């Protein structure tokens, strides 16, 4: 299968697929149409349970079981990366010399790091009120930690971020999500059902029953997962070196 | 305007598939795959849009005061973006392993090595 | 005819469109600067959209972009030091122009919003945006001297 | 007027996606993917999906480019030693 025939096959198949897709697009309802049956019901249920951010209500209340599946995919991807990027026998760790970063960049990194971390936690905490949630806040918080590597050097990051702790945090938060679901089961209703806690007053931090709890669990899980992921990638790219010039 | 977003989603998907099929570097192929994924977000959110509506987030507006777009598709796209990033990381880890074991990340050279 | 949305369309279509063309063609040093400018221009665009749609909740988006945009550019500055070492990017003028535009947009929005908590948030976003992009462009033009590993 | 913003950002997304595919060098593609992430986030805001826009900003802004560049550095460092 030389590239020539492969390109021809791609062009032919692509054209056929394009024709079918365009034909399908022409029969879809108008962009901006008014018929959104699922949306209206989701908004109604979210308001009934005093959750201001309907998207968070859909994610953590009406479709909490699907989010459990999403979290498991995320967890499996991280475990896969950890296994794949481990240090094999014929590799050793070479300590990287610190890169000399000019003072303004270093100062900027050290100033913005706490602000970004606070913003990440704010996005997680306000997940069920304003735009945001566990998924977004977790990534923002985890990325902000790596400003230390970008602004200073890798050793500074390693001192601050013990990877083992984050791996345990990843597992604990994944378990917390499942335990919160089981609590619903123990409480006599269904798994991950949002009938345990009172729904609280609308548009306040404690509103929405179990939505804030599941939101926090997902936020911690995504943050720990991204930190572990980047730790493995940074180890491979910066520290681990082949033993022999294979 | 009624069908433009759907056509843009189809165009992005086909461009991503073309890049994926004709790529000569596995890291470039992973990038093209993430382009394909973003096509699904555009299609999902285009399906859920409603004219002069606003987001179904009621932290700063009264519920029911303005028409809202569909939150279900947003919930689907939201989790997909983050999971897509971790799957991209897993694929890159596989590419690093291929690079380590075979010394090259060019898909054509790889098939020759095994052949 | 919502003026804010017209301004947002101009900033996004013209500014971000130009940075897209800049990142697609030309030498690596110009592409990196174009990437830095794309976040420096998208953040005011998001602020204008937030005001145009009359949704104060959208300012969180601009806040996160003002934080993570320069971090993305720092990633490129940090990991491409050896490629950029031979001809470091010189983009003082363009960066200050983008920072000026950001400042103008923030001032206009503060005038429209009036003194309140929202104005404080807008000023924070403006400060982070301008500070971040100036430092990021300085990091690009030789702020980080790459060392083996590093 | 809201439609104009949607149309402009849609064309920007189509352009940057095509560029991300046409550019063959992984480093340059990482740059274009970073810009694609930002433009996608703006499109999601125009289509009134702030949560998804926030998610795309967080992921496409700093995480994906960092992963791509670390993978490129690891693969290039191995190939560099053999030459």
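Just so you know, glycine gets a Cβ as well, placed from its N, Cα and C.
TrEMBL entries are annotated by machine, without manual review.
As recorded in TrEMBL:
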DOMAIN    A:7-91  domain 'MrpA C-terminal/MbhE'
TRANSMEM  A:67-85  transmembrane segment
TRANSMEM  A:105-125  transmembrane segment
DOMAIN    A:106-227  domain 'Na+/H+ antiporter MnhB subunit-related protein'
TRANSMEM  A:131-150  transmembrane segment
TRANSMEM  A:171-193  transmembrane segment
TRANSMEM  A:213-234  transmembrane segment
Worksheet entry | Considering the transmembrane segment (A:171-193), which listed stretch of A:67-85, A:105-125, A:131-150, A:213-234 counts the most C-beta pairs under 8 Å | A:213-234
Discussion item. Below 8 angstroms Cβ to Cβ, which residues of this chain, lying six or more residues outside the transmembrane segment (A:131-150), approach it?
Written reply: 53, 55-56, 59-60, 109-110, 112-113, 116-117, 119-125, 156-157, 160-161, 214-227, 230, 234
Item to complete: Could you tell me how many residues in the domain 'Na+/H+ antiporter MnhB subunit-related protein' (A:106-227) are helical, how many are strand and how many are coil under DSSP?
Response: 88 helix, 0 strand, 34 coil
Item to complete: Quick one: average pLDDT across the domain 'MrpA C-terminal/MbhE' (A:7-91), no decimals.
Response: 91
